[in-house]
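Novice: Attaching a single structure in structure tokens format; questions to follow.
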Amino acid sequence: MPAQIAIEEEQQQQPLLHSTTTDGIEEEVVTSSLSNEPDTLKRKLIGSNQRLLSLDVFRGLTVALMILVDDAGGAFLSINHAPWFGVTIADFVMPFFLFGVGVSVSLVFKKASSKSLATKKVVLRTVKLFLLGLFLQGGYFHGRNNLAYGVDVAKIRWLGVLQRISIGYLLASITEIWLVRNVMVDSPTAFVQKYYIQWIVATLLLSLYMCLLYGIYVPDWEFQSPSLTLSTNGPHTQIVHCGVRGSLEPPCNAVGYIDRYFLGEQHLYQRPVYRRTKECSVNSPDYGPLPPHSPEWCLAPFDSEGILSSLMAVLTCIVGLHFGHILLHHKGQMHRVVMWSMSSFALLFSGFVLQLLGIPFSKPLYTLSYMCITAGASGLFLTIIFYIVDVKHFRKPVVLLQWMGMNALIIYALAACDIFPAAVQGFYWRSPENNLVDGLESLLQSVLHSSKWGTLVFVLLEILFWCLVGGFLHMKGIYIKL
């Protein structure tokens, strides 16, 4: 999922991310516990050319969580995505990425010397990130246990995780470059004056989302249903009866309607999460055969990273901007921790209140309550990591996650998008099933006498492997970004 990932290489002002040599080549600057610098210098975060190590750790934790829930979620359904309403560990991963994007953007564009040049670089990076997402998640690669590749362009999936992140990055960066006032922040009032236009934009985005979600009339619609679960031979047309406004249920919500209208059903995700609901699976909350008399929409496509939900997801990036602004303008370490904690708990409280008022948690719809609770959790986790890593300097216990976070994009592409496991599976003995990936997982399942725990140990070893890969790249000074 991620590419807050790619943001930190911006060559504008980068006080926490990079230093720039006189010949224009970027160098990573990482505070080391073995450094001979005075301790007071090492403790500076603002105004020095140091990385914000807690953000690297947060980024690495997010990638590790994504690998965990993607590869072990089938064995442990409690950590898999909620079928429609509700939240699990898996449902926090995407907001963590988006939140980190916002924090990074606020640091990168602290002072953009040329707004037009900065905007040009942002647009270029957005396009590259979107195209990378299209390549990795548009259907060209088929994942583990499928050595085929290629996609029918008439059915390519236009939107996905990286595409959503690129949209959030673009809008967050534009607001940071163009809508921040040139005001000296020396008081809470000045802080508001400097950034209030961003919050006006956030309010407008929220209002647009809520108006469309609850105001659009969703008519009856149809789709081409596959034949594998139907009594008739071959695909045929299924009609979904709606004729409602404001529905948040799977078949008749405005999020799906807008995607079908602008993208077309063939370009949406064909195995949506609601196929694990009780209405659509006898093995709910897992995938499974359709129950008797299941509704017609169970086989319909739906994209959890669609247009309207991505619009709402931008707000998570803007919340990340806010946390970055606190970091920039509040010099006391504990003051930052207190301000971040207050903001995080306010968001968490708002999310639960909204849920009680009738706005359910739903990642596929990216509802307001879901945005609040996940953004609050993102801020709270970053606060805890910041306190441990950058305030108390307990860095050795999290160095593996730090390494992973410093090369998050390449690790995400190779691991979370199954590029590396599928490539390894391409080398097999006599039969495709006899490959190193499946063989190691089967061995662990046999040793532990449990398919579930064997899979979990395999995934944890996979995460450790990628942490070490990140460490190797870091020691070689290799940082792969867009």
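Glycine is treated like the rest: Cβ placed from N, Cα and C.
What TrEMBL records for 51-199 is domain 'Heparan-alpha-glucosaminide N-acetyltransferase catalytic'. Residues or ranges marked as transmembrane segment by TrEMBL: 52-69, 89-110, 122-141, 161-184, 196-217, 307-328, 340-361, 367-389, 409-429, 453-473.
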Novice: What residues in the same chain, six or more past the boundaries of the transmembrane segment (453-473), come closer than 8 Å to it by Cβ-Cβ distance?
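Specialist: Residues 60, 63-64, 67-68, 71-72, 74-76, 399-401, 403-407, 410-411, 414-415, 440-442, 444-447, 479-480.
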Novice: For the transmembrane segment (307-328), which partner among 89-110, 122-141, 196-217, 367-389, 409-429 gives the most CB pairs under 8 Å?
Specialist: 89-110
Novice: Three or more CB pairs closer than 8 Å, sequence separation of 6 or more: does that hold for the transmembrane segment (367-389) against the transmembrane segment (122-141)?
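Specialist: No, since the transmembrane segment (367-389) and the transmembrane segment (122-141) share fewer than 3 Cβ pairs closer than 8 Å, they do not count as touching.
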Novice: For the transmembrane segment (340-361), could you work out the same-chain residues 6 or more beyond its ends whose Cβ comes under 8 Å from its Cβ atoms?
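Specialist: Answer is 82, 85-87, 91, 248, 319, 322-323, 326, 367-380, 382-383, 386.
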Novice: Most CB pairs under 8 Å with the transmembrane segment (161-184): which of 122-141, 196-217, 409-429?
Specialist: 122-141
Novice: Could you give the residue numbers and ranges of same-chain residues that sit at least 6 residues beyond the transmembrane segment (196-217) on either side and whose C-beta is under 8 angstroms from one of its C-beta atoms?
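Specialist: Distant contacts of the transmembrane segment (196-217): 175-176, 179-181, 243-246, 248, 253-255, 257-258, 308, 311-312, 314-315, 318, 321, 365, 367-368.
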